[in-house]
Amino acid sequence: VTLRYRPAQSRRVYQEKASEISVLVFFLPAVSPAERIRFILGEEDDGPPPPQLFTELDELLAVDGQEMEWKETARWIKFEEKVEKGGERWSKPHVATLSLHSLMELKTCIEKGTIMLDLEAGTLPQVVEMITDSQIEAGQLKADLKEKVMYTLLRRHRHQTKKSNLRSLADIGKSVSSASRLFSNQENGSPTTAHRNLTSNSLSDFSDKPEKDQLKNKFMKKLPRDAEASNVLVGEVDFLETPFVAFVRLQQAVMLGALTEVPVPTRFLFVLLGPKGKAKSYHEIGRAIATLMSDEVFHDIAYKAKDRQDLLAGIEEFLDEVIVLPPGEWDPDIRIEPPKSLPSSDKRKNMYAGLEPPQMNGDTPHDAGHGGGGGHEVGEELQRTRKFCGGLVLDVKRKLPFFASDFYDALHIQSLSTILFIYLGTVTNAITFGGLLGDATENMQGVLESFVGTALTGAVFCMLAGQPLTILSSTGPVLVFERLLFNFSKDNSLDYLEFRLWIGLWSAIFCLVLVATDASFLVQYFTRFTEEGFSALISFIFIYDAFKKMIKLGHYHPINADYDTNLVTQYDCRCMPGNSSELLDLSSWTNSTDLPANATWATLTKKQCLKYGGELVGETCGYVPDITLMSFILFFGTYACSMALKQFKTSRFFPTTVRKLISDFAIILTILLFCGVDAFVGVNTPKLIVPSEFKPTSPLRGWFVPPFGGNPWWVYLAASLPALLVTILIFMDQQITAVIVNRKEHKLKKGAGYHLDLFWVAVLMIICSFMGLPWYVAATVISIAHIDSLKMETQTSAPGEQPKFLGVREQRVTGTFVFLLTGLSVFMAPILKFIPMPVLYGVFLYMGVASLNGVQFMDRLQLLLMPAKHQPDLIYLRHVPQRRIHLFTFIQGLCLAALWILKSTVAAIIFPVMILALVAVRKAMDYVFSQHDLSYLDDVIPEKDKKKKEDEKKKKNKKKGSIDSEIEFSDYPYNDNIPTIKISMDMMEQEPMLGDKSLDRDPSQTLLNTHSPC
């Protein structure tokens, strides 16, 4: 404690304060392990995070009962791998199970052993010599044993990568003779000669360069490039009476020759040599320290520790979190499989850094502001600037620095598979909506207009918008509006395309006003309730439409259920002249180019017979091949194969690279496979039909819509009323999809651009209105599929560890190429005509089902059918009563059903208004559910003063660091925010008197030291 002496104060006042502080210091408790960890992990470090550690356990074993060498017996990255007793293979990765006694013994070893942090050494002999010298200076090792310890520690290391352990007889004889000469010299009283012979013998056995087996080891693929090694050496010798323990951290990681299985530099070294008879204990202590080094929290503490007490505090923290299993209820020989998902260590780190409240085992902290972790954070993208086009300007400034990287970040094979997958989905969507638009508008807008509009708007949007991962497409509500608008124009003798042009212009103006006024800040009120309701609805529409098209195909090609193979001789079908065709002269057919010169009614085909007025007579005239059955085989086969291949990367077959490649190209491989099946079987299933000529579908229109002349002048003003509905539709569709794409679980790093996205949607709407093309807005399902196909995972995952999700490959190339290919599809009709439509419908079904993955609403629907004992361990099930969860699900399902019914009726034109009503329904739920329940089931609606209150709370916490402004602590300031529910292991050894530490007492009086090998 330092007391500042101020000359302006009287000596009496100074002495009074000094006496008060002396009393305060007497009652001030010692720094607890939790407090130490808080300062260690809470230190601000501008450097890179500590690298990944590879830990190797080597044990001192005899070779053929004679010569001793270090043999690798286990290794860790995240999980433990043991060398099987056969000695020829590694075990499967498994969770390391430790005995509590081994952890206690390890703690004693750290308390008593040599601790050397930031040691400057470049070779293993230097490290070993420094350790032995330190032990001799501390009186822990006799000077005459230095050579034997060094000889032992510098013995050869044999790793599991080596296939054989054969040595020549000459080598064995040479080593035996050198060893005998060594000890004979030592007995004859020649220590100098003995030391020289011993050192030379040890160094000749130890290689200071990596061996070929190390350099060729494929295990390096499991490690990141900056990985470092932690070597654990344990063994028993006959010349020591007390354990030789050392924990070393090198100042710079260095390559210590063949010490490690893989050629990575060593940072940590733990050595334990002890007397004979306790090999099992030494082995378990080695496993304990190796497991600790693989623990993320202790790993960070080991890198940042300043002294022995910091390491002991790290062991205490590990003991606080460890779970003990009763010996009679579990077999320790059973290897626990690594879990599919590991709990994050950030909670433990943040707790000691003062950012998380402490919790008991089995409890999980939760951020009440972001329940479920699925919502979006209110970042700078959604802040209202209150300036003209302020949000738009910020979006441009935010995205401009990433514009170049948006192109070279796409240089990966994954981008190719994404382009092909999304292209086929986009083409199918364009054909489907184009056909429906043609039916609704009497071909004033058709398939070709849909292709041109999709290519134009999509390519421009992906090149210039704020979020290029969003895919534009026609949507169901827009189709409903087009149908109603065409019928209204037809009934009132209005020019449909001109009326539509002015609606589009007004709607674009309204959208630009929303952009200029930063209206996108309203997006922050779209919580999980609204997002999931909208995305689930669109996913269900995709699934429903896929089955609807297959059923329609079944009506067009009915199944021949009444066909009897026994009556095949009686079946017949003939073409007979119709009543109006009986008097026709067959010679008049000679002018037809599709008929042969000698054509008769009996020789005509089915289509020719009906074309020229004939009639089909017979029992088999309605017969068609089993097209429907084959189509359903292709439909379900495409869906099942797509799901299976997409999940193939987690299977056990083939190397990781092959599995990942198959998973990335899952959809393309599936389409090629079932196109081959269709061609092999030969059934005439319906194929994809693409326009082959570049001209408007209707001859009554051109590629430019004149704005004046077709309608009365008042129509130009009246168009603003329906434009309001279109504006709401565009805004809601675009922004809800943007919120889903920009969710924080996608780990996007380049930021969003809500204002910039809406700006380009408005500009493209003007262009499409003048060209008579459909209007386009963000498509939820295809955008989610685009995101999923671009997800990145760690290339180097530890054995047993599932690959970690790193984020999404954010770029502009895939979307741009998708829409350019869509525009070129007109010229690729000869190739695309071989793709069966049922295969594309199967892709539609896959996209609809895949977009429901991770939707909490679907998880809660499944809970309705599960008994409580079979329900998964979900966070909201721990904290929210089940009846409240079911009530929340019921309300959300009711809203979804209302939207579905509304979509299917004539009132579908007010569909966007009803989506907006979901926000009001969510707000009303505040009166039904508590904020605690909503924090787990949904994102809490943001409050104006939430950030201000949070900042004030942080300031208050920062002020709680000192007791008095006059007192300074040299190393560890007192903090009264120490976790109170954690019980330190040191408390079990403390005496009642204050200041009496367990380390100051006689070690022999503790029960632990009585039984510890250290």
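Cβ coordinates come from backbone N, Cα and C, glycine included.
On the 0 to 100 pLDDT scale, the domain 'Band 3 cytoplasmic' (52-332) averages 79 in this prediction. If you look up TrEMBL, you'll see 52-332 marked as domain 'Band 3 cytoplasmic'.
Taken from TrEMBL, the feature compositional bias 'Polar residues' covers 183-205 (among others).
If you look up TrEMBL, you'll see 183-210 (among others) marked as region 'Disordered'.
TrEMBL lists 334-377 (among others) with the feature region 'Disordered'.
According to TrEMBL, the domain 'Bicarbonate transporter-like transmembrane' annotation covers 387-941.
Taken from TrEMBL, the feature transmembrane segment covers 420-438 (among others). Outside the transmembrane segment (420-438) by six or more residues, the chain places 445-451, 454, 458, 471, 473-474, 479, 482, 545, 549, 665, 667-668, 671, 688-690, 697, 774, 779, 782, 785-786, 789, 814-815, 817-819, 821-822, 825, 832, 835, 840, 843-844, 847 with a CB less than 8 A from a CB of the stretch.
According to TrEMBL, the feature transmembrane segment maps to 450-479 (among others). Sequence-distant contacts of the transmembrane segment (450-479) (same chain, at least 6 residues past either end, Cβ-Cβ under 8 Å): 395, 398-399, 406, 422, 426, 429-431, 433-434, 436-437, 440, 541, 690-691, 729, 733, 737-738, 741-742, 748, 751-757, 760-761, 764, 767-768, 771, 773-779, 782-783, 786-787, 790, 808, 810-812, 815-816, 818-820, 822-826, 903, 908, 911-912.
Annotation source TrEMBL lists transmembrane segment at 499-517 (among others).
The transmembrane segment annotation in TrEMBL covers 529-547 (among others).
Look at TrEMBL and you will find 627-645 (among others) tagged as transmembrane segment.
According to TrEMBL, the transmembrane segment annotation covers 665-683 (among others).
Residues or ranges marked as transmembrane segment in TrEMBL: 713-732 (among others).
Residues annotated as transmembrane segment in TrEMBL: 753-777 (among others). For the transmembrane segment (753-777), the residues of the chain that approach it from at least six positions outside its boundaries are 381-382, 389, 391-392, 394-396, 398-399, 433-434, 437, 444-445, 449-450, 452-454, 456-458, 460-461, 464-467, 470, 472-475, 478, 482, 497, 500-501, 503-505, 507-509, 511-512, 514-515, 518, 520, 523, 696, 701, 703-705, 707, 726, 729-731, 733-735, 737-738, judged by C-beta separation under 8 angstroms.
The transmembrane segment annotation in TrEMBL covers 813-832 (among others).
According to TrEMBL, the transmembrane segment annotation covers 839-858 (among others).
Taken from TrEMBL, the feature transmembrane segment covers 897-921 (among others).
Contact count against the transmembrane segment (665-683) (Cβ pairs under 8 Å) is highest for 839-858, out of 529-547, 813-832, 839-858. Counting residues 6+ beyond its ends, the transmembrane segment (839-858) has Cβ neighbours under 8 Å at 372, 374, 424-425, 428, 528, 532-533, 535-536, 538-543, 545-547, 549-550, 634-639, 642-643, 646, 667, 670-671, 674-675, 678, 688, 745, 780-782, 784-785, 788, 889, 892-893, 937 in the same chain.
Remark: the transmembrane segment (713-732) makes no contact with the transmembrane segment (529-547), by the rule of 3 or more CB pairs under 8 A. Non-local neighbours of the transmembrane segment (627-645) in the same chain are 546, 550, 553-554, 557-559, 662-663, 666-667, 669-671, 673-674, 677-678, 681, 683-686, 836-839, 841-843, 845-846, 849-850; each lies 6+ residues outside the stretch with a CB under 8 Å from one of its CB atoms. Listed as Cβ neighbours of the transmembrane segment (529-547) (distance under 8 Å, sequence separation of 6 or more from its ends, same chain) are residues 375, 432, 476, 635, 736, 739-740, 779-781, 784, 841-842, 844-845, 847-849, 851-852, 855-858, 892, 895-896, 899-900, 903, 915, 918-919, 921-922, 925, 938.
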